Amino acid sequence: MEMEMEMEMDMDIERRRDTHLMPSQDLTVDWRGRPSNPVAHGGMRAAAFVLGLQSFEIMAIAAVGNNLITYVINEMHFSLSKSANVVTNFVGTVFLLALLGGFLSDSYLGSFWTMLIFGFVELSGFILLSVQAHLPQLKPPQCNMVSEGDHCVEAKGIKALIFFVALYLVALGSGCVKPNMIAHGADQFTPQDPSQSKRLSTYFNAAYFAFSIGELIALTLVVWIQTHSGMDVGFGVSAAVMAMGLISLVGGIFYYRNKPPQGAIFIPILQVFVAAVLKRKQVCPSNPQMLHGSQTSNHKVALSSHSANLIPTQKFLDKACIKSQDGTTRESPWRLCTPTQVEQVKILISVVPIFACTIIFNTILAQLQTFSVQQGSLMNTQLTKSFHIPPASLQSIPYIMLIFIVPLYDTFFVPFARKFTGHTSGISPLKRIGFGLFLSTFSMVSAAIMEKKRRDSAVNSNQTISIFWITPQFLIFGLSEMFTAVGLIEFFYKQSVKGMQAFLTAITYCSYSFGFYLSSLLVSMVNKITSSSTNGGWLHDNNLNKDRLDLFYWLLAALSFLNFLNYLFWSSWFQDPPSLSQKLQQDNLHHEENSHLQQQFFKEQC
């Protein structure tokens, strides 16, 4: 009996330490820091304010990012390849900085305050861009890059400095805001509740719908303003729109369920690796109940819903749970971890291949925001006698389609598929990602065929074909993005390790970052590999009629298909989380098994 009392004391200490490391996942507070009321706080009403911010924020930054290459070439006088790299590096940095926003939110600030603080940082960047675009003394002398490209003066010194400071203030603000919009909106729902889980699935589709609305307005109305009233007015409109987004965010302050920050979120993860290395020579016990903390039922609260109650398998990281052989020495958290911590680290490792398979997908997205815009500028943009389509507005084509398809998908397809799959989202996020990756290949195939037709018409026949010839590549990719982007965000959020919802959501944005950086690398590598003494490479010239953009698109199509095959391999090894009914059955079964093992263990000890 003395042994049993000692074990109970150890279990109590373990519970307290786990509570310190990983507080209850269900703990949410209102704006005053008091426990939230399920009736007054959360739900779609609260999420709607976050969706407002998301729509306004993407409207502001999309208008800048998608027409940025035109501004950099015409106003800053950078070359085509350098301008494309400026855009891709900017967009890549936005998504890379999402990791900072996720870390600050989960560790110290919380989602709401992270969005509010960095929303104002983004707003200041838009204002500075507008000021520079308006004042001639902050830009190089006016020059036509098409006819006088060799004589135009490139922006350097203080002018270039002001431009990049403004641009990367926008990148810092947007990067830190983006993951928290998704995470904070999703935090307004309780995934453990079956009805709330369905609403959470609806929220992810609604978030993409808000994204599509923002993109559509940015790529039509705001880009039209930039084209006809000047980039200074266009940047000013982006600043005004961002301010409206912040007003929407603050407007929901009384309705939000806020998850408190958890402290340094990487410490429990690092403890597992350190403890596993220190105990690498030890052998796991045959009885899993002898692992540290395995008798403490409270550990399950720190796991994601489909990982709850799992006991670590016989692998390297499991050694972090092995107690010292004498059983009396109280060990440091850096030498002894709980099964909960180990399982969380395994979740993080298991999702890395899925994340990596979406990088090529976002490399394709980078082309639609750079070279495809330049394609459009060399085509017939006339819609009527007096109206010409701005090339940057081409990217609005898929969003016109998506504002109709997304509601239909959520209203009809998801309930229909749910009857057959039992999955709250209709089809699992992994299947949704896979279908999107498959479609993206055909976007580049279409782009390559259309570019070959455009170039041949311009070079051989001296004809300018209609800009609508390149709409298929945008339509196919838009449909592809609806599946891949939403599936990826839902997948990562539902895998979320305790206290890391915003950070894991930020990881999905890193896929965009790596994709855009890879695009810059590919452009440089292709130019170097395909260059010769008489030819500067496929993408060397500032004139697409002399470049071979079609061959570059075929290369991306091949890479995309190989990436899809790679995804099929990794996704086949990943086990989808169970449906709601299966989770309830598993929870009951695990509870009965744990109770039986615990009783047997105590009998043996006594």
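Using N, Cα and C of the backbone, Cβ positions are placed for all residues, glycine too.
The feature transmembrane segment is assigned by TrEMBL to 46-74 (among others).
For 86-104 (among others), the entry in TrEMBL reads transmembrane segment.
Positions annotated as transmembrane segment by TrEMBL: 110-131 (among others). Residues of the same chain lying 6 or more positions beyond the ends of the transmembrane segment (110-131) and with a Cβ under 8 Å from any Cβ of it are 31, 53, 57, 60-61, 64, 101, 104, 138, 162-163, 165-177, 180-181, 183-184, 187, 232-233, 235-236, 238-239, 242-243, 245-246, 249-250, 253, 256, 258-261, 502.
What TrEMBL lists as transmembrane segment is 161-183 (among others).
If you look up TrEMBL, you'll see 203-225 (among others) marked as transmembrane segment.
Positions annotated as transmembrane segment by TrEMBL: 237-256 (among others).
Taken from TrEMBL, the feature transmembrane segment applies to 262-278 (among others). Same-chain residues lying 6 or more positions outside the transmembrane segment (262-278) and placing a CB less than 8 Å from one of its CB atoms are 21-23, 103, 106-108, 316-320, 333-337, 341-342, 344-345, 348, 498-500, 503.
Beyond its flanks by at least six residues, the transmembrane segment (347-368) meets 88, 91, 269, 304, 307, 395, 430, 433, 436-437, 440, 443-444, 447, 473-474, 477, 480-481, 484, 488, 491-492, 495, 497, 504, 507-508, 510-512, 514-516, 518-519, 522, 553, 556, 559-560, 563, 566-567, 570-571, 574 of its own chain at Cβ-Cβ distances under 8 Å. The transmembrane segment annotation in TrEMBL covers 347-368 (among others).
According to TrEMBL, the transmembrane segment annotation covers 397-417 (among others). Here the transmembrane segment (397-417) has long-range neighbours at 201-202, 205-206, 208-209, 212-213, 215-216, 219, 423, 425-427, 471, 474-475, 477-479, 481-482, meaning same-chain residues at least 6 beyond its ends whose C-beta is under 8 angstroms from one of its own.
The transmembrane segment annotation in TrEMBL covers 470-493 (among others).
Feature annotation from TrEMBL assigns transmembrane segment to 502-523 (among others).
As annotated by TrEMBL, transmembrane segment applies to 551-570 (among others).
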For the transmembrane segment (551-570), could you work out the same-chain residues 6 or more beyond its ends whose Cβ comes under 8 Å from its Cβ atoms? 353-354, 357, 359-361, 363-364, 367, 371, 433-434, 437-438, 440-441, 444-445, 447-448, 451, 522-523, 526, 538-539
The transmembrane segment (161-183) in contact with the transmembrane segment (237-256), cutoff 8 A, at least 3 CB pairs, sep 6+: no
Okay, the transmembrane segment (470-493) and the transmembrane segment (203-225): do they have at least three CB pairs under 8 Å, pairs separated by 6 or more? yes
Sequence-remote partners of the transmembrane segment (502-523) [C-beta within less than 8 Å, at least six residues beyond its ends]: 81, 84-85, 88-89, 91-96, 98-99, 101-103, 105-106, 111, 114, 175, 178-180, 182-184, 186, 265, 351, 355, 358-367, 370, 488-489, 492-493, 495-496, 539, 552, 555-556
Whether the transmembrane segment (46-74) meets the transmembrane segment (237-256): three or more C-beta pairs under 8 angstroms: yes
